[in-house]
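K.L.:
According to TrEMBL, the protein has these features:
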- Asn7, Glu34, Asp183, Asn185, Asp304, His305: Mg(2+) binding site (BINDING)
- 221-231: compositional bias 'Basic and acidic residues' (COMPBIAS)
- 538-587: domain 'GRF-type' (DOMAIN)
- Asn185: site 'Transition state stabilizer' (SITE)
- Asp278: site 'Important for catalytic activity' (SITE)
- His305: site 'Interaction with DNA substrate' (SITE)
Amino acid sequence: MKIVSWNINGIRTFKGGIKKALESLDADIVCVQETKVTRDLLDEKTAIVEGYNSYFSFSRGRSGYSGVATYCKDSATPFAAEEGLTGLLTTNHEGTIGCYGDPREFSSEELQLLDNEGRAVLTQHRVMCEDTPETVTVINVYCPRADPEKPERKHFKLQFYKLLQCRAEAILEAGSRVIILGDVNTSHRPIDHCDPDDIDDFEDHPGRKWLNSLLVDDSEGKDYEKNHEESENTSSKPLSSGKFVDTFRHFHPTRSKAFTCWNTMTGARQTNYGTRIDYIFADHPLVKMGFVAADIMPEVEGSDHCPVWGKLCCPLLSSSKLPPLCTRNLPEFAGRQQKLSRFLVKMDQQQPAREACRDPLPGSQETGETRENLNPLGSAGTSSTGKKRKLAVESGVPKSKKIMTLKAVTPKPQGNLLAFFKPKSIPVSQCERGEERNEVTPSQPHTFKGGHSAVMGQDVPSLPGPPCTEDPQGVCMGDKVHVPGSNIQDASVNSQNQGKDAALASEATVDPPCPRKGASLGGFWKTVLRGPPLPPPCKAHGEPCVLRTVKKAGPNMGKQFFVCNRPQGHASNPEARCNFFSWVDKGK
């Protein structure tokens, strides 16, 4: 049995589809975090993958935020599956896991908020360990990130940690083996961080204190056995009260620079300047009798995280029935939601409500989504009062005549937008004729503005008049400026006014010839918009710096600065970015 966890930073970003990614990981159970998809955006190609059954948890507060999903091979179909840690999202208790612990230290509103962001999916499997059938519960979590600018998120993160530990230990006490895996968003030890010396009070971080209470510090299991022997002999509390083991550190207790997350905006992955915040935790008895290997996969790209995996010697026992939470049971993918006849035949307005009573939607769907599924045309075909909108025609007119009446009053489409900038025919101006004599050979056809072509040597009608002028778009328009949408005068009308135009042309002053298109404008814009300043070289490497803009809210927001162009890394790494910094002087 192989299990993989990966923060994919958006499930819709895979160019080859999620199926290709699942096959490349080659695991029985694949848990992904930060799917950034809500139920209304989940497509069938992502939800229904051949050879797999999937289980999703969606964010209900924000679109394109958070979300987790667990993909199980058909040979590893779980016996039960559940969304969330509190049990409040469960509407159909058939096929759920239960064991919620003691939630009295959380308020009802707090429990609702903790499960409102789609951060947990649980699946329960059966395996054979040492010829003994065991139940294994896999908890796929995406723990919150504590935003330094939002103190309430720090409290939210710690409460989520507490709820996760409460639920995991309750399931463990009920007799099931437990695996917690996913993005925990906290590095545990200094060895798991690229630069722990830059962090004040590293060990006193609340998230690390919680990890110390959750995990037992074992090196190949020796410390765990020693602690429990001392507790039995002295009847005192063990040195470490944790019940779970970090499987990676179990097999690699001293490996350094084993990071799973990097800042891709600064190129930190190139210098391996990151943290290890993705874990696979398992209860100690399961690690001792089942786990044979665990490691990270930094070579796999596609996200700012890399996958982590664990392998057990326990074969899986597949369930013959899919749990109700499986995406194959969702109405939109089970073929029970809408039919083509729904869009062609007038439906009874009360029928969707009756269908909803017979087949309720899963609890992971919000009220707005439920309303949208039950009446997908409601927002467009009904008014705010709930009554169907009527066409502005008389009711006495037959149905066929109503359509004809509507067609008659329908305004003519305006056509392509380019028609406003490319007139159908443009008189040949004097300046263009001068350029053509100098640049076009007699044997070459020349295409005039407007799409017409002519060969030099043939008669081309010309209109006398003052030198050409350019319209706001820089197109030479001859002696007349054509307003978009207006009809161009016929050549016969121009011939009638030829004498009058010639007299006016003889009295008018001679202007300089029309410059080529964009020649004068280019010089003008160069004086107004001088472009970005030239990057200075950094002092350490002598290479051109890169221009950055401050996007963080504050007094410097919008200001530009130069930094070294190399990727971020440790200060001792000569290949990493140096500390060069320079603000851009607006006066230059």
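Here the Cβ of each residue, glycine as well, is placed from N, Cα and C on the backbone.
Quick one: where do these features end up spatially?
P.N.:
The Cβ of Asn185 (Mg(2+) binding site) has 21 neighbouring Cβ atoms from other residues within 10 Å, across all protein chains displayed.
Cβ contacts within 10 Å of Asp278 (site 'Important for catalytic activity'), excluding its own Cβ and spanning all protein chains shown: 23.
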K.L.:
Counting other Cβ atoms within 10 Å of each residue's Cβ, which of the binding-site residues Glu34, Asp183, Asp304 comes out lowest?
P.N.:
Asp304
K.L.:
Closest to Asp278 (site 'Important for catalytic activity'): which of the binding-site residues Asn7, Asp183, Asn185, His305, going by Cα position?
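P.N.:
So, spelling it out, the nearest of the binding-site residues is Asp183.
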K.L.:
Would you count the other CB atoms within 10 A of the CB of Asn7 (Mg(2+) binding site), including those on all shown protein chains?
P.N.:
25
K.L.:
If the Mg(2+) site is taken as the center of the Cβ atoms of Asn7, Glu34, Asp183, Asn185, Asp304, His305, which further residues of that chain fall within 8 Å of it by their Cβ?
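P.N.:
Close Cβ neighbours, site residues excluded: Asn9, Gln33, Tyr142, Cys261, Ile277, Asp278, Ser303.
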K.L.:
What counts of helix, strand and coil residues does DSSP assign across the domain 'GRF-type' (538-587)?
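P.N.:
The domain 'GRF-type' (538-587) comes out at 0 helix, 12 strand, 38 coil.
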